[in-house]
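Copied over from Swiss-Prot:
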MOD_RES   Ala2  N-acetylalanine
MOTIF     39-67  motif 'Q motif'
DOMAIN    70-240  domain 'Helicase ATP-binding'
BINDING   Ala83, Gln84, Ser85, Gly86, Thr87, Gly88, Lys89, Thr90  ATP binding site
MOD_RES   Ser104  phosphoserine
MOD_RES   Thr145  phosphothreonine
DOMAIN    251-412  domain 'Helicase C-terminal'
Amino acid sequence: MAGSAPEGTQFDARQFDQKLNEVLEGQDEFFTSYDDVHESFDAMGLQENLLRGIYAYGFEKPSAIQQRGIVPFCKGLDVIQQAQSGTGKTATFCSGVLQQLDFSLIQCQALVLAPTRELAQQIEKVMRALGDYLGVKVHACVGGTSVREDQRILQAGVHVVVGTPGRVFDMLKRQSLRADNIKMFVLDEADEMLSRGFKDQIYDIFQLLPPKIQVGVFSATMPPEALEITRKFMSKPVRILVKRDELTLEGIKQFYVNVEKEEWKLETLCDLYETLAITQSVIFVNTRRKVDWLTDKMRSRDHTVSATHGDMDQNTRDIIMREFRSGSSRVLITTDLLARGIDVQQVSLVINFDLPTQPENYLHRIGRSGRFGRKGVAINFVTRDDERMLFDIQKFYNVVVEELPSNVADLL
């Protein structure tokens, strides 16, 4: 599975941005752009229990779209957010929705449409995880599942419905899904939804929603039909366009190790360190707690490692990074928070002990800025639960990640 070539052609960031701007020429009177940037989740004015959910999910520092996109959505503005898939759009609108829900009212207040069953279920999972400490009730209404079960859950009451257009329209028509309290409507992957022929259904659904409703459109591109939707349904939307980072995966050999279960990762890591002569390496995990856990485990097995994460004060982090850069410490365990700050040019090996929670961060962990063009090796530990994310990463970057060969020592 993981070695199969992703669909699509080589992604060209400049061409993408140019096309986007061509389509939007002459649209300026319609959009206002929103340029406020919030560099941390704490600075966004989010409620405490939502922040707990965000950090527990493994997010530490907001991605570019999250820095710009969460706050205007929380303010109730109509928003059009354009960024490639995998840049953290899902968590952006999930946070905006969760911040505005009235949890004392167990009625559907937000409706999210997605083009595929898989994406709808993935959004449901993220919404539920981020809203864990808020007690959010979310349900995915998708084709291919029991209509009766949908009706039962909707009648019992949920705060958020995520679904595909066909099933959602059906539930609205049957009045199993009541629209009276819906105040937020999100179209995710709008371009994909329109290319799949859902335009009429989206219009039909919109007719059944209350007249005063906040609309969020999230899309990689803005084809004319998507612009038409925004003109019809949105009021003074703000447009947020995120440019890509100039990083490259060129020259980096990427492999995966099938570890099956989470519990087997530690043994796999220790085996690797015993068979390889590694000059310097960075190991990425998804939470601060895991940094501490893995550091203790590695030290107890006599591996010399240093660790850094967001709970440490800046001074401590600077000292650890200085030691790492000077080569006096050779293995660094860290989280995504520092992926962008590590000058990994001298690092020959990056290990994703945990795959990143969003594809965008994969590039920040293992990519190099083009002017250095150093070679390197990246090894991804993949459990059964990670297979989907590995597929998404390959598709997102148009790369093939091969299974780790037995002669890996020769590659370093």
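Numbering starts at 1 and runs along the chain as it is shown here.
Here the Cβ of each residue, glycine as well, is placed from N, Cα and C on the backbone.
Projection of Swiss-Prot feature records onto the structure.
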{"residue": "Ala83", "record": "ATP binding site", "Cβ within 10 Å": "24"}
{"residue": "Thr87", "record": "ATP binding site", "Cβ within 10 Å": "24"}
{"residue": "Gly88", "record": "ATP binding site", "Cβ within 10 Å": "23"}
{"residue": "Lys89", "record": "ATP binding site", "Cβ within 10 Å": "28"}
{"residue": "Thr90", "record": "ATP binding site", "Cβ within 10 Å": "24"}
{"residue": "Ser104", "record": "phosphoserine", "Cβ within 10 Å": "5"}
{"residue": "Thr145", "record": "phosphothreonine", "Cβ within 10 Å": "13"}
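The binding-site residues Ala83, Thr87, Gly88, Lys89, Thr90 include none with a CA atom within 10 A of the CA of Ser104 (phosphoserine). Each residue of the motif 'Q motif' (39-67) gets a DSSP state, and the totals for helix, strand and coil are 17 helix, 0 strand, 12 coil. Residue pair Gly88 (ATP binding site) / Thr145 (phosphothreonine) shows a Cα separation of 28 Å. Looking only at Cα atoms, Thr145 (phosphothreonine) sits nearest to Thr90 among the binding-site residues Ala83, Thr87, Lys89, Thr90. In three-state terms derived from DSSP, Ala83 (ATP binding site) belongs to neither a helical nor a strand segment and is classed as coil. Under DSSP, Lys89 (ATP binding site) is assigned to a helix (H, G or I) in the three-state scheme.
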